[in-house]
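Notes follow the structure.
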Amino acid sequence: MADILDFDADDLIDIEIIEEAARRWDQSAAERERKTIALSEGRYHDVEPAGRLAKRLNHLAAKANIDRVGDAPMGLAAIIADGVTESELDDATYEQLLGETVDYLSARFLSEGARASRSVCRIRLRVDGRDKFGTGFLVGPGLLITNWHVLKQSRHADGAVAEFLYEDGAEAVQAALAPSRFFINDRALDFAVCALDADDDLSAFGWLPLIGQEGKISIGEPVNIIQHPRGLRKKIVVRENSLVHLPDAPLDFVAQYLADTEYGASGSPVFNDQWEVVALHHAGVPKRNGAGEWLARNGGVWRKGDAPSEIDWIANEGIRISRIVAALKAMALTGARAKLRNAIVAGAVAPRDTPASTRRGGMTLEEDAMAADDATFHTRANIGGVTLPITVTVTIGASAAAPSGAVAIASDDITSEAAVKPDENYAKRKGYNPTFLGAGAEAALPTPSNTIMNDVVQLEDGSHELKYHHFSVIMSRSRRLAFISAVNFHTKAKVRRARDASGPWYFDPRIDEALQAGNEYYADNPLDRGHLARRADSAWGATEQEARQANDDTFHWTNCAPQHEIFNQSSKATERGLLLWGNLENHIAAEAAADGKVSVFNGPVLARGDRKLDGFDLKLPKRYWKIVLYRSDGGLGAAAFLLTQSDLIADLQEEEFDPGDFAPFQVKVTEIERLTKLDFGDLWKCDPLEAPGAEENFIQPLERVVIRDLADIVV
């Protein structure tokens with residue numbers, strides 16, 4: 001049902017508040033730009049002080065220790081046990097530990113988001129004969145917070161109501177504001193706290209604790225917002241954008257972020273990915289011209305009296321919760337008012353029991369939320385009346401049925417294996433072909449960024465590309481493993497070799513053997529010699545000789561990486577119901593059967609925090625990545641994936657492996673670029689998750705698509 005509201009749209013924006021936010025945005029521009037560049041280059045200590053980085057990790061570890069969503073990864077477990085100090089953190093370690101911990105806590109993202117949502121309400125009041133709206137949220141038993149510019153005076157709260165569950169698929173619950181019980185506000189920090197009528201039972205809606213300690217979020221992390229924009233039904237903005245700046249003093253009371261908020265969302269909670277409130281949203285920042293005039297979305301000047309929906313917003317500003325808590329503590333209150341204030345600043349967590357009165361359709365709000373986390377990833381979950389996208393998949397056409405984990409690929413001539421022996425004439429190898437997919441779908445070999453260039457193995461001629469038949473490799477000197485293997489895969493070649501035997505592995509004579517991890521690392525443990533450029537991808541050609549030479553080239557140690565046998569072997573993967581890593585490109589190859597060609601970039605994520613193999617100096621990669629390139633209607637397409645084997649190598653005990661934890665994700669190309677420190681150029685423009693309008697269909701928690709089935713792949 002459409003919302004029918006009787007109010008003046010000008011009441012939904014406060015010109016003075018917005019002008020102040022715009023001035024602060026301008027004042028912090030140089031500092032913000034400097035930190036944005038540092039963040040993009042992984043220089044975290046140039047983004048925030050080391051003390052704040054340590055606070056962030058320790059705060060996450062404390063939450064992980066309380067939540068106990070599963071067995072913590074080693075790095076996180078160490079922080080839980082001993083904490084981390086700023087002297088222990090370098091940029092690479094911080095990045096690795098932050099990613100590891102956030103991933104660990106993401107298991108309850110949806111259920112915790114649903115729980116947080118129920119504490120958020122629409123505020124409806126009447127000022128000077130006109131209806132006015134804002135957003136607010138419970139911060140303690142019967143206590144609500146919103147903006148000062150929503151409740152400028154206590155008399156404005158008289159007769160006002162808070163409406164909970166004002167959202168699709170739910171019946172709203174109203175509670176009267178009671179300023180006579182408790183009311184305080186602050187113009188400088190733009191907040192107001194008001195009590196609700198004690199006769200209203202609001203226990204079903206819990207509250208969102210205000211945590212005064214710093215460390216709840218770092219610059220660059222995503223933000224989530226629950227709001228009632230324009231006084232309409234509840235809207236949840238999930239990981240739409242990120243925190244871009246925490247200005248230094250004297251502007252250190254605000255947080256600046258990019259997110260899809262709308263005018264009239266004043267008083268909304270701004271969350272981190274653990275659904276802790278980090279800021280109180282209070283203003284947007286409009287785009288302006290050289291004269292300081294606000295601009296409309298059509299490029300013209302926006303003037304007072306024009307529709308607020310026409311303003312061209314470029315950013316948002318919120319008041320930091322740590323500063324609000326400090327201000328509340330400093331207020332000289334006595335008696336009952338002091339007790340209510342103390343209940344807020346204590347930051348106590350609301351009881352998790354859900355009364356039966358909140359049941360809807362035979363399921364409590366909590367049960368509904370937990371069901372969403374466990375739900376199939378082919379649907380949309382209605383959580384607490386708010387529809388959140390779990391995942392949306394798009395596939396091209398419909399492939400003929402094939403056995404699970406297999407793709408039927410035809411070839412004129414499939415030959416069997418002979419003894420593996422690479423061609424000794426390395427000069428004639430052409431390597432990866434960037435024009436393999438044809439005109440309009442060219443894809444250059446990625447180049448190492450400045451961050452890792454000093455670690456790249458160079459050949460005698462000064463180049464760094466090791467060329468083989470149909471694929472190329474770039475090696476890491478310190479890890480003795482490949483940064484990347486890039487292969488051209490022709491599923492309809494005249495000759496393709498069957499994979500029915502294994503062969504010996506060879507050192508590449510073009511670089512020192514000491515720079516290649518050899519056979520000694522694979523004895524007496526469940527580690528497999530994992531082909532990066534797969535034999536199935538490389539072993540093709542116009543002749544049997546070409547196919548054989550390409551097959552044999554894959555048996556160079558430069559093309560090998562340590563992978564747990566469950567991760568790498570088809571039979572063991574099938575026994576455990578796993579989706580074998582190689583099936584991803586097989587599926588896309590089948591989808592691209594018109595020309596039968598794909599190219600594949602892949603390799604290990606070489607993180608500084610990787611553990612060493614017991615008794616050796618070789619570090620074991622925890623994660624592997626892959627980008628499958630294909631020709632699409634619009635030219636080049638690039639689907640990126642990430643897979644972890646961290647649970648498998650934790651103690652190298654096969655029997656303790658839980659197949660339920662083994663699932664690849666489709667991610668953005670930019671995430672792979674960030675993890676690998678490889679420069680993929682403009683390849684991100686070919687990512688289906690970056691396509692114009694794709695954010696409406698594909699954005700989901702963690703900006704990842706869980707691949708439970710091959711049909712989940714987005715191309």
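Cβ atoms are placed via backbone N, Cα and C, with glycine included.
According to TrEMBL, the active site, charge relay system annotation covers H149 (among others). DSSP assigns H149 (active site, charge relay system) to coil in the three-state reduction, placing it in neither a helix nor a strand.
A coil conformation is recorded for D190 (active site, charge relay system) in the three-state DSSP classification, outside any helix or strand. What TrEMBL records for D190 (among others) is active site, charge relay system.
For S266 (active site, charge relay system), the Cβ neighbour count at a 10 Å cut-off comes to 29, with all displayed protein chains included. Summarising the annotation, TrEMBL assigns active site, charge relay system to S266 (among others).
Sequence-distant neighbours of H531 (active site, proton acceptor) (same chain, 6+ apart, CB under 8 A from its CB) are T554, N559, C560. DSSP assigns H531 (active site, proton acceptor) to a strand in the three-state reduction. Summarising the annotation, TrEMBL assigns active site, proton acceptor to H531.
Residues annotated as Mg(2+) binding site in TrEMBL: N568.
According to TrEMBL, the domain 'DNA/RNA non-specific endonuclease/pyrophosphatase/phosphodiesterase' annotation covers 467-683. Here the domain 'DNA/RNA non-specific endonuclease/pyrophosphatase/phosphodiesterase' (467-683) has a mean pLDDT of 76 out of 100.
The domain 'ENPP1-3/EXOG-like endonuclease/phosphodiesterase' annotation in TrEMBL covers 468-687.
The sparsest Cβ neighbourhood within 10 Å, among the listed active-site residues (H149, D190), is found at H149.
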